[in-house]
């Protein structure tokens, strides 16, 4: 009995010590936290995180919604060049949270890094008006211009502004708005899918407002004033972060990292190559070579966690081509809309406002999907997997690109008319832009089905301790899809001498590019369908399979002491559907 009591006492001391270590606030937080009740603190934090998230997305949408129009009209870029710039910016903004998360974890303090990233975000959004502002319209008198910027200088400032803004976006998404702030540790598959559905619903509602308002300001009312809106929005985000910075920035869990995951894979490959003859017959998985008892450098917990993550790599890989297809919204679809008749009842619609059509399906489908999921995740169907949503969504994306090809053929049958965009007169097809609505709707349906489902599988089908890493890998593959889309555009233009992605659409064959992409997307959807059965079982205790191997993890899980794990790693920086525009 004395030994049992002593053992209980030691466990309690370890639990208290570990919980205190994980929940210890960062400097400058203690005095304020003592004056706020836990419930008020939790509510305050949730509200502020959501406000910062919306402000950051607002600035992002404001930058990208009319970037192609700005690059072609203001900077004199060709269509394919403008599309590549837009897709590369989106892809970079998806990858920077992973980079910043690693820096915060390994090299730089979190508070210091937040300040640096906020400054970079502020600098980037402040420099964009420098490029967009009409210096040639400001005169001291009729003979002297107050300021001038050459095209080369404008492009240098423009690229520097985009780079600094994307780095700032990475810091905000990775540190200030971690997924752990939404307290998803104890959620089941049904609750997680509901969360991701409504999370993307709210983000897309915000993007719809941006596309209608900012795009109109940038294009029609005061095209050079439009880039000031992201500047004002980031000021709101900075004020929000300053007011509650002590309540939002938590020290993350550090026992798992991207470096550990890559290290396990590298160690397994190295040992497998060197000692293949000795271990090949006695192991069920090649990653076992990284375990300490097989001559590796990593514990069994780390290796088993990495093995569970590796099961998701095929899922991630099939998202690359899908994301390249979705990137047609800010490239091929945007150019089609820009070269169509935007007049509606005497009013010129903003080009980016057509993206709202692709948002509407998501806003409508989410409540319907909630009802369907309530039935599918009932007690008799608790193991339902949303892989069918991903298959249907990818087929919808393939159909959308195919419809875009036929729409392009249809568009060129209409006579050309003059249309003024951003004070520039362009020759466009007289076909009403609403004829392009079906392709936008189909891509909106695809995103409503695919994005929340992939987020659920990436989050649920791995142990709790590496969920943030899993979400980062999904983000990496999505970012690769953005760059893959840019690669397709560059290759199509160079390989066909501009015929498949022309500068003047009526003189080229853009529809062939769409048909080629639709074929690839159809193969991609069928390929994923063949492996979808691997992710059908949601009843497995993935979160408990390896998570209890460490004594401290067992105590923490038993005591439910830590509520803010993984402030850097447990982040879902996956872009919402309209964040590609």
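Even glycines carry a Cβ here, placed using N, Cα and C.
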Between 14-34, 35-55, 224-244, which stretch does TrEMBL give the note transmembrane segment? 224-244
When TrEMBL marks a stretch as transmembrane segment, which of 440-461, 550-571 is it? 440-461
Between the stretches 84-104, 110-135, 198-217, 440-461, which one has more Cβ pairs under 8 Å with the transmembrane segment (312-335) than any other? 440-461
Which sequence-distant residues neighbour the transmembrane segment (513-532)? Criterion: at least 6 residues beyond either end, Cβ under 8 Å. 314-315, 318, 321-322, 324-325, 328, 332, 385, 387-388, 390-391, 394-395, 397-399, 401-402, 404-405, 408, 488, 492, 500-501
For the transmembrane segment (440-461) and the transmembrane segment (58-77), decide whether they are in contact, meaning at least 3 CB pairs lie under 8 A, counting pairs 6 or more apart in sequence. no
With an 8 Å cut-off on Cβ pairs and a sequence gap of 6 or more, do the transmembrane segment (347-366) and the transmembrane segment (156-176) reach 3 or more such pairs? no
Which one of these stretches, 84-104, 110-135, 156-176, 198-217, 387-406, has the most C-beta pairs shorter than 8 Å to the transmembrane segment (58-77)? 198-217
